[in-house]
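Data block below; observations after.
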2 protein chains.
Amino acid sequence: MPSDIEIARAATLKPIAQVAEKIGVPDEALHNYGKHIAKIDHGFIKSLEGRPEGKLVLVTAISPTPAGEGKTTTTVGLGDALNRIGKRAVMCLREPSLGPCFGMKGGAAGGGKAQVVPMEQINLHFTGDFHAITSAHSLAAALIDNHVYWANELNIDVRRIHWRRVVDMNDRALRAINQSLGGVANGFPREDGFDITVASEVMAVFCLARDLADLEERLGRIVIAETRDRKPVTLADVKATGAMTVLLKDALQPNLVQTLEGNPALIHGGPFANIAHGCNSVIATQTGLRLADYVVTEAGFGADLGAEKFIDIKCRQTGLKPSAVVIVATVRALKMHGGVNKKDLQGENLDALEKGFANLERHVKNVRSFGLPVVVGVNHFFQDTDAEHAKLKELCRDRLQVEAITCKHWAEGGAGAEALAQAVVKLAEGEQKPLTFAYETETKLTDKIKAIATKLYGAADIQIESKAATKLAGFEKDGYGGLPICMAKTQYSFSTDPTLMGAPSGHLVSVRDVRLSAGAGFVVVICGEIMTMPGLPKVPAADNIRLDANGQIDGLF
Amino acid sequence: MPSDIEIARAATLKPIAQVAEKIGVPDEALHNYGKHIAKIDHGFIKSLEGRPEGKLVLVTAISPTPAGEGKTTTTVGLGDALNRIGKRAVMCLREPSLGPCFGMKGGAAGGGKAQVVPMEQINLHFTGDFHAITSAHSLAAALIDNHVYWANELNIDVRRIHWRRVVDMNDRALRAINQSLGGVANGFPREDGFDITVASEVMAVFCLARDLADLEERLGRIVIAETRDRKPVTLADVKATGAMTVLLKDALQPNLVQTLEGNPALIHGGPFANIAHGCNSVIATQTGLRLADYVVTEAGFGADLGAEKFIDIKCRQTGLKPSAVVIVATVRALKMHGGVNKKDLQGENLDALEKGFANLERHVKNVRSFGLPVVVGVNHFFQDTDAEHAKLKELCRDRLQVEAITCKHWAEGGAGAEALAQAVVKLAEGEQKPLTFAYETETKLTDKIKAIATKLYGAADIQIESKAATKLAGFEKDGYGGLPICMAKTQYSFSTDPTLMGAPSGHLVSVRDVRLSAGAGFVVVICGEIMTMPGLPKVPAADNIRLDANGQIDGLF
């Protein structure tokens, strides 16, 4: 099998207007970025309001392991397969972040024969959306310090400025800085630091905004500091939101690209899946639903984080509702959940598979608890045995009455996921229950956290450190008690201990810190250490990235 | 007269392919960014090698005053006028920087009826070139600290890392920082700071590179630090150049837009005019010359800085040579050089004009000293009197035997600059002398500085502070003595005192510091305070920038 990049480069891409035509987007509504990428115009998107909407399919996964699950490839493969069986389907995916490309080799645009293209552009600057977000965030930072510099009429406490800076680069040296040094002309010295752009609240807001007006309002609600008398200061207070919206205007138009099979994919926005909700923009999803019979979209990490946030945050805020959920599993990863080390994965091991099945089982039950119909997509690896796949299907059927379908989209493209597509259509067009959430909007913040931990994570209880408890009480008092929760915990376990694989129970979820994301509209609950600025490895991928003699990019994938 | 933005918005733009066709760029060679902006493909540019080249016209100016000269409008008006009189002309301009848009209201894409469009995009993200430069610069910064973090095999002295960081934002708080704070995981604490992106050496390199290979080589030569034993460390040493070139690959393709009259303009690159050479990319200029009869381009600041650097740096490095030079002057600015305050400019004042003429006179003589034919373009303001224009023409003719031509492109578009276009054609198609430089390449660095100061600035001598002298000696010793000089001094005066208007003589040029830009290929000589990170004013333009009810940008221009 050739490499992902070789496959991507060998593909003949359709002009993007032709891809757009498939879903009824006329040429006038396209802003081209080269021949194979286009943004869809705000005006056209507005004209779609009130159109009947297609069905939403959410692709989520078991708890990730180093063996990999293949959520993005399954999303792409399923979308291609739906098109093959006669459904008009659009895929909605997150945009990759630039910075991490220079750390570890590898892109984020699917793989094998289930990829979105043009892969290089998508993984690098793409249409500049993340640059626009970085600019808007940086402008806000400059305006805050500028406000303090001149007269500080808002009485901002420089010790309590929560707005950090961002850059789309893995740069550990910027995690903690002292700034405004060097004398009077440079302002009031204070502590600060940089996160990577995907961790910016601007990114989260961008991905939850319904339109430009909503974007501006949400930006205005972001709390960036406290006054000397501990009142919240917002981005609206420092008059940043108009100019930030101007910087984000074009970026907010969803990006249209194509799969290797020439089907439309909207790749738009990409918030962190820990301190944010981890899925593509509402605008892209909504636009897709108004243009197609089916929208296939993915949520970050495992279903305990990605799907839960998709439902309790994104669906709750917007009224979206999946008609079917695909939980991606692999035999290899389930064996790891059953206790096998990565290096020992070779060879059939039905016992480990059955033991690790507990992880999948809990995810299936969790997703069903939202009232959603589920199918398991088993992403096939060539080392898997037939007996393993048969065993997994049997376990799913017998213990969960859920269908598990082997998918070979990585090797075969959409043809390899047709059975999954058929199953998805059956579920989505079958009887639907009303969507229920893990907690009610009116529930107190602490009880919301407890609901997630006990109902979905299998925890016995939660434990909130005193600093976090004080902050939660403050959020309730300041009127933010009605916000949903955004859990930031390890993706590797239902617990807060990344080494506890499978389906741990009876554990304690310890809440170390909480943060208010008032613009995005959630309270971030931090369990354990959360890294918002990655570093580079000893030998970063950048060392070997270059243009080859033909002007093609070498070393990136 | 409507405002610049009203004029720009009222214009009917041609599809960019139609503009490209005028200069023989086929559709396949275009990478569109929306309907009215395109990048010209590297492959097509390569295919132009060896083509006969058109004539280069450099637009420069008298020493700037608050009354304004209108270099960009003259460049655009002249280009439009050349097209009107039957010449195939392309304009080459610098890209505006994003950050300053949020400080002071106003764009940088010409004005009146002499503008390039689409103005909003050009002034904001445009095609993302500056974002790509920021990313490449940031990657280099991350790689340097990452090298030190892991094993520091190059033995980099963290006290002597010269590579600062950049952001395209006016943010004084970042001028001086302490970074890598917060403990072992974040690296070795050290002092650092941010410049605005246009001050990055990557920007200067970008604008001087002949092609991608030259770009990569130049990046590799950039000296970013010293070792503990004081040896220079380059970007090649930290293996940054391949990945940086990948990040800059698309950006290095020139951007094609149009004037209000539908003529082609290449807007590409925009280095600072103080610590760098201040003109658009060599690739854009070279491409323009191979596609058109005439390329009209501008250089930053007055002719003492912009034109001198254009010739001694850009022409010397590339073999380019202007066939004619337009020195832009205004009656109002010359009256200010003659001692009138801005508030007293109303009303005819022939005496002040004659007194201030000394500034223009020196610039004309300087440009002629390079062996170049000169014409003076007098940018007309409606407050000017006919007698003032007549006087200026007379002074030019009698004292300098140079033609001065009144231009009304601001009010009338290309039609208002036809006489200038005719004069330029006469010069450019007339007899040409060989280009001479202000100094020879082999001359010692100190003598180069002295040559510029005494021959062009009218200085009696130079005075080099001891720290700068030591560094210059070090550059000579390290093999950089053959580089040209890039003067960083006030643009308001021939001297280093910004209040000395007109044509001061006999002054001393004091050199406070010098910097090596080995990748760009020059030694920066700093006379006075040079600000590489601007701040925002008390009421920044950002406060009033917003989208209006029609989704149009309000408050930016």
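Any Cβ shown, glycine's included, is placed from N, Cα and C.
Remember, it's a predicted structure, so these values are computed and weren't measured experimentally.
Per TrEMBL, these features apply:
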{"type": "BINDING", "residues": "A:Thr65, A:Pro66, A:Ala67, A:Gly68, A:Glu69, A:Gly70, A:Lys71, A:Thr72", "note": "ATP binding site"}
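Distribution of TrEMBL features across the structure.
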residue: A:Thr65; record: ATP binding site; contacts (Cβ under 8 Å, 6+ apart): A:Arg332, A:Ala333, A:Met336, A:His337, A:Lys342, A:Tyr492, A:Met501
residue: A:Pro66; record: ATP binding site; contacts (Cβ under 8 Å, 6+ apart): A:Met336, A:Lys342
residue: A:Ala67; record: ATP binding site; contacts (Cβ under 8 Å, 6+ apart): A:Thr330, A:Arg332, A:Ala333, A:Lys335, A:Met336, A:Lys342, A:Leu345
residue: A:Gly68; record: ATP binding site; contacts (Cβ under 8 Å, 6+ apart): A:Thr330, A:Arg332, A:Ala333
residue: A:Glu69; record: ATP binding site; contacts (Cβ under 8 Å, 6+ apart): A:Ala61, A:Ile62, A:Val328, A:Ala329, A:Thr330, A:Ala333, A:Asn379
residue: A:Gly70; record: ATP binding site; contacts (Cβ under 8 Å, 6+ apart): A:Gly111, A:Val328, A:Thr330, A:Asn379, A:Trp410
residue: A:Lys71; record: ATP binding site; contacts (Cβ under 8 Å, 6+ apart): A:Val59, A:Thr60, A:Ala61, A:Glu298, A:Val328
residue: A:Thr72; record: ATP binding site; contacts (Cβ under 8 Å, 6+ apart): A:Leu93, A:Ala108, A:Ala109, A:Gly110, A:Gly111, A:Ala114, A:Glu298
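In the three-state DSSP assignment, the secondary structure recorded for A:Thr72 (ATP binding site) is helix. The DSSP secondary structure for A:Ala67 (ATP binding site) is coil.
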